[in-house]
Structures are given as structure tokens and as C-alpha cells.
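Trainee: Below are the features listed in TrEMBL for this protein:
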type: COILED; residues: 15-70; note: coiled coil
type: COILED; residues: 103-173; note: coiled coil
type: DOMAIN; residues: 173-579; note: domain 'Kinesin motor'
type: BINDING; residues: GLY267, GLN268, THR269, GLY270, SER271, GLY272, LYS273, THR274; note: ATP binding site
Amino acid sequence: MPLFINRDQIFAHQVHLLEHKLRSKEERILELETENAILHLRLAECLGKLRREKEEETKAQKNHQNQKNSQKITQSALAKLLSEVQAVKQDLSEVFGVYVNFATELQEKSKELQEKVEHASSVLKGHRGDDVQSLQDHVAALECSLEEEKQKCREERQRRRELHNTLVELRGNIRVHCRVRPVLHFDHVQPSTLTTGPALSEEVVYAVSDDTVLVNCMKTGIPVQNKMFEFERVHGPEDSQDAVFEEVKPLLTSLLDGYNVCIMAYGQTGSGKTHTMMGSQPMKEAQQGIIPKAAAELFRLISEKPAESHTVEVSVMEVYNNEVFDLLARDEDRNSVDQRRDIITTSTGTSQVTALTYEPVSSASEVMQVISGVLKLRARCPTLVHTDSSRSHLIVTLTISSNSPNALALARRLQSAKKDMQRSTQREWWSPRCRRANPSARLSSDELFASPASSPCHSPCHSPCPSPRPSISQAPFKTKLQLVDLAGSECVGMSGVSGAALWETSCINRSLSALSDVLGALAEQRPHVPYRNSKLTHLLQDAIGGDAKLLVMLCVSPTQRFITESLQSLGFGTRARQVQKEMPKRKKTPLK
Ligand SMILES: Nc1ncnc2c1ncn2[C@@H]1O[C@H](COP(=O)(O)OP(=O)(O)OP(=O)(O)O)[C@@H](O)[C@H]1O
């Protein structure tokens, strides 16, 4: 074996050894690093465990604290409960004490009552039959006197109403009657799904007494507000055509006494104006309105006068789109001709329609024949509210010419009686002193119309007696009865009209608002009254502001659907009542 080992070989061997050592060191380092990593992992695990345990411990501590708190609360609640139980126990014992006392008292009282009943029944048993009879007689007498008192009360109310009417007449107020119609089929409409609040067909306008109307104003979320309106007379849905006419009838007597009279129906479309003025189909007597009934009453009154002392003429006009039309105008062949007419103001300041046709009539049926003959010419149009809506204002005028000496005498007496009343009113005719001295002192129509010689002075008051009656013109006179069926005010949206009908609606609404303006000016006694703002007010100038007796018949729908319009009509009536016109004057217009 060669002994020569060179330095390179030794060096290489050493390098090899060192390399080997290094590799094993490196392996060891790797091992240690792995161990270290494992230890790190373990440490992390332990730390996590430790943290979780700590959290659990905190949780447990919290729970423990909560438990401690709720224990405390429960303890205090228990203590409270205990004290309440003590108090209830105390109360119960007190109540029991009261109950025991009450029961004893009740027992005593029932005993007492029983004794009294026994005593009363023994007393009753002891009574003789005729005593019972006298008791029954007494009760009957009491009932009778109660009935008498009721009758007196009714008479007193009637008298008060008459006095009120006289006062209205003396003051020259416009009379306002109101009629609330029944709920009808067209009041029922399908409610919109969006609308809330009261149903549209719900009744909200009521005639609560014979002079008061009540309106329930309902809005969602607001308490119901009641509004009251007072008029000279209020008719409810159950009131018949006859009942309505009965209240109007006295005006017809005035007509023959020499006064101009105007009866005008006002109200929203479909509220019953035409029903009230003309009547409804089928036109049986019970369904006749004011116009046929007034014609009948007028001719009945005339029949009581000397023969041929009165003549009557009828004219029929309509105001349509602010134009006056003479519905009786005919050519020689009795065909309708252009019926447009003008209104002029005469030298005496009254309004007059030029070339108006007057038809002489001698009975109520003739009057109705003439009117029915031309009513078909009246403008009508179906609307969403009313299928047979009148689109014009209708004015029927009955002109009565009187040359009766009786009527003249009557008129003369009336004139002077009225003057006396007026004078004594200014003096204290209504004073409590006068009324106390003779509570029944009121002028009946007989006294009013009696001649001075036969008219005793009823007033024992110290005011001087009326002076001798002044004499007036003996000339024959004419009076007018104007019966007006106004077109209905209406909301364009609700009536659903368009085109020509929309123009009609606008004309109707404008003329009605002109009427309202005239009443406003009169009520406030303004120096200028705008009669000429519309043909309607110009035509009715004498009736509204002149010396005629004017009655406004307000027609009102009863349901929520028309509440805005009803309130507007009731407001119009209230405004009309505030007007103090000239005192009605007897006519002295000479016959032409
Ligand atoms: N008091 C009432 N009793 C029974 N039915 C009534 C009453 N008032 C009105 N009516 C009926 O209601 C409907 C509408 O009435 P009317 O034609 O009189 O309304 P209007 O006020 O004249 O309407 P417009 O102004 O649109 O002409 C009619 O069918 C009528 O018969």
C-alpha cells in the first residue's frame, strides 16, 4: 500500500470530513428548527387555550354578576310584593267590614220596605171602590188639562209664528223657507277606492224643527261639527207638496190685497226646485208643486170676489245663457218665433221686458195648459248629477188686474192699517208694557181689514189711538205674482259637462253669483246694488230690491255627496234673510 499521501489528499479528506460535519450540523439545525416550530405551535395552542379559558372565566364572572343583580331585583320585587299583599289584605278586611255593614243595612231597609208595602197594601185593601174611581177621575182630569196645555202651547207657537211673520213684513225682510228633500237613488254613487271618510250617500242635512236645519259636517280625523241654520219655515223629507204650499198660501191673499209677490226656488242641481215649483210626473194633485197650486188658489180667491172684478194674464220667460226668451211668443200662424227680449228700466225705476207676450187666462187649468205647452221649450240637459237638469231660469208671471170696488176698499183699509201698525211699531207697539197690558193684543186679519168705524182699539196702552185713515187713489191696480224656478248651481267637475253645456253651466253659475252679490249689497245697504250685472237680477230687480213680498224657497239635498253645495245654499238663504227691503207697498198702477 503506497505510503505517500500527499497534502492535497489530506486536505481533500479534511474537507470531506468537514463537509460531513457541516451536513450533520445542518441536519441538526433543521431538526431543531422543526422542533422549535412544533414548540411554537404548541405554545400558540396553549396560549389560545389560555385565552379561551380567560374569556370563559370573564363570562362566568359576568354571569355571576348578572345573577347577583337579578337576585337583588327579585329580592326587592318580592319585598314590594309582600308589602302590597299586606296592603291588599288590609283593604280586603276593610271592604269586608263595609260589606258586612252594607248587608246589615240592606237587610234593615228591605225589612222596612216590606213593612211599608204591607202597610200600603193594607191601606189599599181598606179603600172603598168609589175612592179608586175618584182617583181615576182625577187622573183623567189631569190628562185632559195636560192636553189643553199642549193645545195652548201649539196655539202659542202658531201665534208666535204669525207675529214673527208680521214683524218680517213690517221690517220688509225677505222670507226664506227651506226644504230638505228625501235621499234619492242618485245620491248613491260608487265610492272611489281612494276616498276615505263618510259615505257619500250618508244623510247629513236634517230638518230638526219647523224652523231649524242641522248640518253634520264630517271630515276624516276631525270631530263632527254641527252647523245650525234658522229660517222662517223648514220642511223635512216627509213633508208633502200640500204642507209646503200651506206655508206659502197667505202670500196669495196679499196678492189680491194689492201687493206684488215673488216666490223663487233656489238650490243646487237636483235638490228639488222644479219638484217644489212645478211638481213631479205623474202630475197627480198630490204631486203638484207651488205653481199649479198657486194658480188654483188664486182663481179660488177671485171666485169669492164680485164677477169680472179681476182679470188674469200669464207670461212665461226663461233666462238662458244670460238672454231673456219669451216662451209664449208666436207669429200669426201660432209658430214659435225668435223669442229674445230686452229688459228696460222705466222712468219710475222699475224693470220691464219689452214686447213680452201675455196670454189672458180665466182658470187654473188654462194657466197650466199655457205653461205645460211651453215647458218643453225650456232648455234641459242630462248631467252626471241629474238626468233632467234645467239649464235656464224659468219665470212664470201671473198679472192680476183688479177693478173691483171691494178690492179697492180692502186695499185702502190695508194700506191705512199697515201705516197705523208701522207708526205704532215705531212708538212701542211691541213694547212689553203694551203687551203686558193686553197680552192677546195682536191684529187679526179681520181687524186689519176692518173699516175704521168697526175697528175697536184693542190696545189699552197710553199711546194715542191711530189717526183717521188716509184715503188713497181709487184707480184700478195691477199686481204681479212671479214664480221663479232658478237653474241649479253646480260644480262643473261633479256634473261632468263639457262643450255647450259647460258654457250653460258657467252662465248659470255667473247669474246665481250675481244674485248673491245683489243680496250682499242690499244686506249691507251699499249705495250701489249691481242689479245690471246679469239679466236675471235685472229682470227680478223689483222683486228682490223693490217693494214686493219675496219668498225664497231654498231646496237642499240631504246627503254627504252634496254637502258643499247644500252649505252654499243655506249660506245664501241666511244672507237673503239679512236683507231689509223697502216695506211692501200696495200697487196703484192704473190699468192701461
Ligand atoms: N221632496 C221630494 N220628494 C220626492 N222626490 C223629489 C223631491 N225633491 C226632488 N225630488 C226628485 O228629485 C229629482 C230632482 O228634482 P228636481 O228636478 O226638482 O231638481 P232641480 O233642483 O230642479 O234640478 P235642476 O236644477 O238640475 O233642474 C226629481 O226626480 C224629483 O222628482
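Each Cβ is built from the backbone N, Cα and C atoms, and glycine gets one as well.
Looking at the shown structure, can you explain where the listed features end up?
Mentor: Within its own chain, SER271 (ATP binding site) has ARG181, GLY488, CYS555, VAL556, SER557, PHE562, GLU565, SER566, SER569 as residues 6 or more apart in sequence whose C-beta sits under 8 angstroms from its own.
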Trainee: Can you go through the binding-site residues GLN268, THR269, GLY270, GLY272, THR274 and pick out those with a C-beta less than 6 angstroms from ligand 1?
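Mentor: Those binding-site residues that pass the cut-off, since their Cβ is under 6 Å from ligand 1, are THR269, GLY270, GLY272, THR274.
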Trainee: When DSSP is mapped onto helix/strand/coil, what comes out for LYS273 (ATP binding site)?
Mentor: helix
Trainee: Give me the long-range Cβ neighbours of GLY272 (ATP binding site): same chain, 6+ apart, Cβ under 8 Å, in sequence order.
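Mentor: Result: ARG179, ARG181, CYS555, SER557.
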Trainee: Taking 10 A as the limit, how many CB atoms besides its own sit near the CB of GLN268 (ATP binding site)?
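Mentor: Summing over all protein chains shown, GLN268 (ATP binding site) has 24 other Cβ atoms within 10 Å.
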Trainee: I'd like to know the mean pLDDT over the domain 'Kinesin motor' (173-579).
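Mentor: Overall, the domain 'Kinesin motor' (173-579) comes to a mean pLDDT of 78.
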